């Protein structure tokens, strides 16, 4: 019985640590419709001011998410038609997709570390 109590305490401590490590992230909701050739803007806000790294993933239907951009310092980071923008003071990160194409139709996810 003593070993069961010790095991439960250890499990509780591990769950408490996992719970404390969760960060709240919010993306703009609903589908975004953009004309071909236009700029698509996706936004994400986060709650933890200590967050250091920010990631954007693209997921095509039936496929696994793929990393398309990451950013860790304020300002803009460009990669081809994609630009990630980070403002740590306002706690937001955005993804701009220039010259939108039909192949850009996917689910976009932001993540914070």
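Even glycines carry a Cβ here, placed using N, Cα and C.
Sequence annotations record features per position, and here Swiss-Prot assigns disulfide bond to 44-110. According to DSSP, residue 110 (disulfide bond) is assigned to a strand segment. Sequence-distant contacts (6 or more apart, same chain, Cβ under 8 Å) of residue 110 (disulfide bond) comprise 25, 27, 42, 44, 54, 55, 56, 57, 93, 95.
Mean predicted confidence for the domain 'Ig-like' (23-113): the pLDDT average there is 91. Residues annotated as domain 'Ig-like' in Swiss-Prot: 23-113.
Less than 8 angstroms from the CB of residue 43 (N-linked glycosylation site) sit 27, 28, 92, 93, 94, each of them six or more residues away in the same chain. DSSP assigns residue 43 (N-linked glycosylation site) to a strand. Among the features that Swiss-Prot reports, N-linked glycosylation site is placed at 43.
Look at Swiss-Prot and you will find 1-20 tagged as signal peptide, backed by sequence analysis.
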Other CB atoms, at most 10 A from the CB of residue 44 (disulfide bond): 22
